[in-house]
């Protein structure tokens, strides 16, 4: 049984005694920074000149420096920029400001696992990864709760990296819910696999195919949308609360029987073999190489695939239906139907 680490197991004073620079002020960046500050930690934000996030960080009371100046000032540098930008950011603004005794913190192990970032000797390298989006991390913290967190140490130059990592995890509220020890390799490979095979890629493709099947059979697109996309949240919420068993306990006998006899017809053993191939590409570094090369070239494949997804008819159907939803919640900075950030 995996040991779970809680607030009582970590010493908050360790991170309170450090100067922390959070590089990036997006979803995770704002949550880490605000939660750490509320936990009594001295925090500055590192952002490039002209960053659209600068005004927001300043409005929320933070001192904003360039990434280079923030890294030079800090004892703990938290790199929360997008994966594809971390390598350049590190080389241009962070690496030369790392001295013995400092700590690098990541919320995802991509750049360490695949060798895009290598820390100099004498620098601790740790991972503190909340298992939820930044807005949830912040909201749960403010409510006196937390989002579970996984923690890893890649380099323990000081001999105290684990203690500081758990202290940081406590500072952002993760140990209120519980923390699990992992490795950079395990976190990176399982996170990418979950996103690609199940949570994002697998689910998106399954929903689109279900929608297409009903439309091609002559059913109304609005009805198809409700059946294969809208109701998905209701089922996933039940699974989140109590696993697949609670989901099956909550549905009708007809739905449960259909689950057993038709699920394996749709998600056949061949799908599992395809999943293994996806995992192999992740483990070998092939996916990372393809992603970074495309990003370095201006992201032509990425942008083409994004555009194709936005043009799928399920999106236009959904936009019209969501206007009718009294319970619909929209983020202030989101344009309905657009993936661009």
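Keep in mind that glycine also has a Cβ here, set from the backbone N, Cα and C atoms.
Pulled from Swiss-Prot, these are the features on record:
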DOMAIN    2-182  domain 'KARI N-terminal Rossmann'
DOMAIN    183-328  domain 'KARI C-terminal knotted'
BINDING   191, 195  Mg(2+) 1 binding site
BINDING   191, 227, 231  Mg(2+) 2 binding site
BINDING   252  substrate binding site
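Helix, strand and coil counts from DSSP across the domain 'KARI C-terminal knotted' (183-328) read 123 helix, 0 strand, 23 coil. Compared over the binding-site residues 191, 195, 227, 231, the count of CB atoms lying within 10 A of a residue's CB peaks at 191. In the predicted model, the domain 'KARI C-terminal knotted' (183-328) has a mean pLDDT of 97.
Note on proximity: of the binding-site residues 227, 231, 252, the one nearest residue 191 (Mg(2+) 1 binding site) is 231, by Cα distance. Residue 227 (Mg(2+) 2 binding site) and residue 195 (Mg(2+) 1 binding site) are 23 Å apart (CA-CA, integer value).
If you take the Cα of residue 252 (substrate binding site) and the Cα of residue 227 (Mg(2+) 2 binding site), they are about 15 angstrom apart, rounded to a whole number.
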